[in-house]
């Protein structure tokens, strides 16, 4: 599926393909929309809590990991649904592993936010 484009035209084309992928996730995937809602809410909270750019970035980075993990998980699920439409244990395992990526990112976000809130307001 090479396009033959080079340089800036290739980068611009890749940008629009990326936007199309985000649009597909938003329109077709409930879990992605839920993660986006969490992202926006916690981004706003981070902007109020953070005392400087680095604190805000420290709080927002795990949120980006969650969005990234959901994109990867969705891509894995779509590829498996295309390749293996019937049940197969390996397909189930691959989907579960993709889901565990999201779970680990959520644990990381909870650890960062919990630690920040504990240090900032309790200790």
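Cβ atoms here come from the backbone N, Cα and C positions, even for glycine.
Taken from TrEMBL as is:
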BINDING   10, 29, 77, 95, 96  ATP binding site
BINDING   10, 70, 99  substrate binding site
BINDING   29, 77  divalent metal cation binding site
TRANSMEM  34-50  transmembrane segment
TRANSMEM  57-80  transmembrane segment
ACT_SITE  70  active site, proton acceptor
TRANSMEM  100-119  transmembrane segment
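A map of TrEMBL features onto the structure.
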residue : record                 : Cβ contacts under 8 Å, 6 or more apart
29      : ATP binding site       : 70, 74
77      : ATP binding site       : 95, 98
96      : ATP binding site       : none
99      : substrate binding site : 73
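With the fewest other Cβ atoms inside 10 Å of its Cβ, the least crowded of the binding-site residues 10, 95 in this structure is 10. The Cβ of residue 70 (substrate binding site) has 25 neighbouring Cβ atoms from other residues within 10 Å, across all protein chains displayed.
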